Amino acid sequence: MARYVFITGGVVSSLGKGIAAAALAALLQARGYRVRIRKLDPYLNVDPGTMSPYQHGEVFVTDDGAETDLDLGHYERFTGRPANQQDNITTGRIYRNIIEKERRGDYLGATVQVIPHVTDEIKNFVLEGNEDYDFVLCEIGGTVGDIEAMPFLEAIRQLGNELPRGTAVYIHLTLMPYIPAAGELKTKPTQHSVKELRSIGIAPDILLVRADREIPESERRKLSLFCNVRESAVIQALDVATIYDVPIAYHKEGLDSEVLSAFGIDPAPKPRMDRWEEVSHRLHNPEGEVTIAVVGKYTGLKDAYKSLIEALHHGGLANKVKVNLDWIEAEVFESEDPAPYLEKVHGILVPGGFGERGAEGKILAAKFARERKVPYFGICFGMQMACIEAARNLVGIEDASSSEFGPTREPVVGLMTEWLKGNMLEKRAAAGDLGGTMRLGAYEAVLKPDSKIAQIYGSTDIHERHRHRYEVNIDYKDRLEAAGLNFAGMSPDGVLPETVEYADHPWFIGVQYHPELKSRPFEPHPLFASFIEAAIEQSRLV
């Protein structure tokens, strides 16, 4: 039977509950356990698919097409286990499910209430489908005290009573701030956070305390006394250089041992930390470094590109180099010459995005990379802009544009109206809803055997995750290929372009999918490993 770990947060948001959950899962895996992680988000959106990147950060897409919280990306990267639709729930989805049941008459005329109907729906989500796992870690989004989080906290409180004794453990992640004027760390915020949690009926078994410096033993004893937890269960979570240092740091502090002890597992299997130690060693002992320009439109919030950032660092791990990122707002190039910004970098990456803002700047970045022979990686929107650049400057179609930006006489990029998903034909209309209407999830692509991208993959058949509503127009394929832009990958039915490349360029590849979503520290995605390898070669020329 599965054991459950519920992870809550207090004092402030953005403390790193997702990283903590992922790191603990990795530590339990290192001891040979089968682990699943689930995220419970209190917001009323059905999913984050239509939320602004500035509000929510990245939307992480799973193989089965779920648009989910970026924390699921951390879960996948740390554990290697692909997430799915059933690993993330929101208040919006819960209420939608309940309303659908009420309309069908499933509640037999009962008054539908938060307790028991909403809490039961949450509990069903937590408990469903866990037969093959030893541990299920549930991260509760938000902060203790938030109104939105109350039904979730009530649900996990009830589960603590309903699950067999010894199969539920509560971890509370808090902040212990340092006050310079006093010259000391303060325990009071954590005390109040635990008091709030206990007033709901949840007594934390373990405190995971974030701090920017070593927590004195006297302060740990104080937290133990006032928060009613064992002294050994007050675990300090100090700031570290990279997120991939977190599992090792938590292991040294005894988090995994304390969790197993709370479950009464003694003796516990010995952990194998060699893979994490190797990753940490490579990160802290690079044999060189490269600089990659990321030309985007959400550069003010790096969380909007979380998986992309990590995939680039994974490419650095594969090549034993440090990857420095030069963030450039694409709109800058619409009023300034790109050359001073891009001449000194070793690679240019144009990531995914939506809308017209910054598009011309991204087109200019693709033009610079093509003409100057700088490695270029265009992902989703970045591939589309590379095709528009080629249409304008190589084919001579001056009005080449995307129908996403408005009516155009030359829609080199256009709205997809239908595509195959397995054996089913998916259809969309331009006037349809935005939420959940994109081409989402893993789709197959077929690569030309003699293409550069097929050599990188070592295969001509690939499966990658997609999230897009627009696609390069197949009607322009012949003219673009005649100008030198090779359509190296297509959907199996030959209708949707998936990858493009220039044969006479050291490394210029555009992909319609999002390879960053499948990259792992232990298994860097081949495209990112190859891109960084090309950047290393470019660094010798600059």
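Easy rule for this one: first residue shown is 1, then count along the chain.
For all residues, glycine too, the Cβ spot is worked out from N, Cα and C.
The active site, nucleophile annotation in Swiss-Prot covers Cys380 and rests on sequence analysis. Summarising the annotation, Swiss-Prot assigns active site to His514, Glu516 and lists sequence analysis as the type of evidence. The CTP binding site annotation in Swiss-Prot covers Ser13, Asp146, Ile147, Glu148, Lys186, Thr187, Lys188, Pro189, Thr190, Gln191, Lys222. Summarising the annotation, Swiss-Prot assigns ATP binding site to Ser14, Leu15, Gly16, Lys17, Gly18, Ile19, Asp71. Residues or ranges marked as L-glutamine binding site by Swiss-Prot on the basis of sequence analysis: Tyr54, Gly353, Phe381, Gly382, Met383, Gln384, Glu404, Arg469.
Between the binding-site residues Lys17, Lys186, the minimum number of other C-beta atoms within 10 Å of a residue's C-beta occurs at Lys186. Ranking the recorded positions Asp71, Glu404, Glu516 by how many other Cβ atoms lie within 10 angstroms of each Cβ puts Glu404 at the bottom.
Considering only the binding-site residues Lys188, Gly382, Arg469, the residue whose Cα is spatially closest to the Cα of Lys17 (ATP binding site) is Lys188. Fewest Cβ neighbours within 10 Å among the recorded positions Ile19, Ile147, Cys380: that distinction goes to Ile147. Here Ser13 (CTP binding site) is positioned 36 angstrom away from Gln384 (L-glutamine binding site), judged by their C-alpha atoms. Rounded to a whole number, the distance between the Cα atoms of Met383 (L-glutamine binding site) and Ile147 (CTP binding site) is 42 Å. A straight line from the CA of Lys188 (CTP binding site) to the CA of Ile19 (ATP binding site) spans 24 Å.
Sitting within 8 Å of the Cβ centre of Ser14, Leu15, Gly16, Lys17, Gly18, Ile19, Asp71, and not among those site residues for ATP, are the Cβ atoms of Gly9, Ala20, Ala21, His74, Glu139, Leu173. The two recorded residues, Met383 (L-glutamine binding site) and Gly18 (ATP binding site), have Cα atoms 31 Å apart. Looking at Ser14 (ATP binding site) and Arg469 (L-glutamine binding site), their Cα atoms lie 31 Å from each other. Asp71 (ATP binding site) has His514 as its nearest neighbour among the recorded positions Lys222, Cys380, Phe381, His514, going by CA to CA distance.
Geometry remark: Gly16 (ATP binding site) versus Thr190 (CTP binding site), CA distance 16 Å. Under 8 Å, Cβ to Cβ, and six or more positions away along its own chain, Gly18 (ATP binding site) finds Lys39, Asp69, Leu70, Asp71, His74, Tyr75, Glu139. The most densely surrounded of the binding-site residues Tyr54, Phe381 is Phe381 (count of other Cβ atoms within 10 A of its Cβ). In the three-state DSSP assignment, the secondary structure recorded for Lys222 (CTP binding site) is helix. In the structure shown, the C-beta of Gln384 has more C-beta neighbours within 10 angstroms than that of any other entry among the binding-site residues Ser13, Ser14, Thr190, Gln384.
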